[in-house]
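According to Swiss-Prot, the features are:
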- 1-17: signal peptide (SIGNAL)
- ASN72: N-linked glycosylation site (CARBOHYD)
- CYS135-CYS178: disulfide bond (DISULFID)
- CYS138: active site (ACT_SITE)
- CYS169-CYS211: disulfide bond (DISULFID)
- ASN217: N-linked glycosylation site (CARBOHYD)
- ASN221: N-linked glycosylation site (CARBOHYD)
- ASN268: N-linked glycosylation site (CARBOHYD)
- CYS269-CYS322: disulfide bond (DISULFID)
- HIS276: active site (ACT_SITE)
- ASN300: active site (ACT_SITE)
Amino acid sequence: MTPTVLLLILCFGVASGAQAHDPKLDAEWKDWKTKYAKSYSPKEEALRRAVWEENMRMIKLHNKENSLGKNNFTMKMNKFGDQTSEEFRKSIDNIPIPAAMTDPHAQNHVSIGLPDYKDWREEGYVTPVRNQGKCGSCWAFAAAGAIEGQMFWKTGNLTPLSVQNLLDCSKTVGNKGCQSGTAHQAFEYVLKNKGLEAEATYPYEGKDGPCRYRSENASANITDYVNLPPNELYLWVAVASIGPVSAAIDASHDSFRFYNGGIYYEPNCSSYFVNHAVLVVGYGSEGDVKDGNNYWLIKNSWGEEWGMNGYMQIAKDHNNHCGIASLASYPNIF
């Protein structure tokens, strides 16, 4: 295909999108742009409006099916509304799973004695939801959240820890700042560094910067860390008895980015390819646990406007759904 033909097709697509705009959505589109401070050139606005309307139609269709009992969760428009599916997927990078954590033959049996419900928020282990912005720092938020919980267990004080400290300084152990990283490498950094600053002394900037760690400002430290086998049983034991656990999931689907509430189950989710780090802060079930409507409660880093005030219920005991147990780890503080 020649560049000229490609340009004509792109221009035709924009023009067609402009003609197809639904005037009934004018007010919603204007309100959405205001809410998220969106500003476009005339040509760009035509394209983004078309994408936004397509996403709006998808959300409304999904929610209609939810009202008919065809799925267990709802969706809503949010800050990702003007992105295509491909653009959204490109904004989250695949997280490599070390070979030591990909053994599919871990023993799976019914564990006796574990509670059917846990929510570490109710026991004071979890700091408020934050927003990573355009930086790919999910791994740092997940790591900081797990350390925050263990520091609360040890000291009785809940202190937001510095995500920026992890972004800027853990490149020495393999993380890549806003580009990508893993929580267990962040734990490795804190272990070797013998300290991590608080958010108050090393605030979040949402971009890469030079390492500015000051040992006199250290607010947390860890003794070691544990990488869990990729099996939901091990994750269950850890979340039930240890505290919030860092994990990673396949978050590349439209259903995830527009999630609103309910137990998330995405048939196309991968159990082996993960691209977004989260913090598992509990688990439970809707109705009787024997009915199989079990969920993990995860804390995201996309702000309180996303999901259930920044949280999601994701299907539990569904063959490692979305890879929830594929890259789980937690720090120890003795």
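Every residue gets a Cβ built from N, Cα and C, even glycine.
A map of Swiss-Prot features onto the structure.
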residue : record                      : Cβ neighbours (10 Å)
ASN72   : N-linked glycosylation site : 16
CYS178  : disulfide bond              : 18
CYS211  : disulfide bond              : 14
ASN217  : N-linked glycosylation site : 16
ASN221  : N-linked glycosylation site : 16
ASN268  : N-linked glycosylation site : 10
CYS269  : disulfide bond              : 24
HIS276  : active site                 : 26
ASN300  : active site                 : 27
CYS322  : disulfide bond              : 30
Cα of CYS178 (disulfide bond) to Cα of CYS138 (active site): how many Å, rounded?
9
Going by C-alpha positions, which of the recorded positions (CYS169, ASN217, ASN268, HIS276, CYS322) is nearest CYS138 (active site)?
HIS276
Of ASN72, CYS135, CYS169, ASN268, which is closest to ASN221 (N-linked glycosylation site) if I measure between C-alpha atoms? They're all recorded positions.
CYS169
If you count other Cβ atoms within 10 Å of each one's Cβ, which of the recorded positions CYS135, CYS138, CYS169 has the most?
CYS138
Using C-alpha positions only, work out which of the recorded positions CYS135, CYS211, ASN300 is nearest to ASN268 (N-linked glycosylation site).
ASN300
Integer Å distance between the CA atoms belonging to CYS211 (disulfide bond) and ASN217 (N-linked glycosylation site):
14
Going by DSSP, give the three-state secondary structure for HIS276 (active site).
strand
For the C-alpha pair, I'd like the distance in angstrom between CYS169 (disulfide bond) and HIS276 (active site), rounded off.
20
Do you know offhand how many angstrom separate ASN300 (active site) and CYS211 (disulfide bond) by C-alpha?
25
DSSP-derived class (H/G/I helix, E/B strand, else coil) of CYS269 (disulfide bond):
coil
Given the recorded positions ASN72, CYS211, HIS276, state which is nearest to CYS269 (disulfide bond) when distance is taken between Cα atoms.
HIS276
Can you tell me the CA-to-CA distance separating ASN72 (N-linked glycosylation site) and CYS322 (disulfide bond), as a whole number of Å?
16
Sort the recorded positions CYS135, CYS211, HIS276 by C-alpha distance from CYS322 (disulfide bond) and give me just the closest.
HIS276
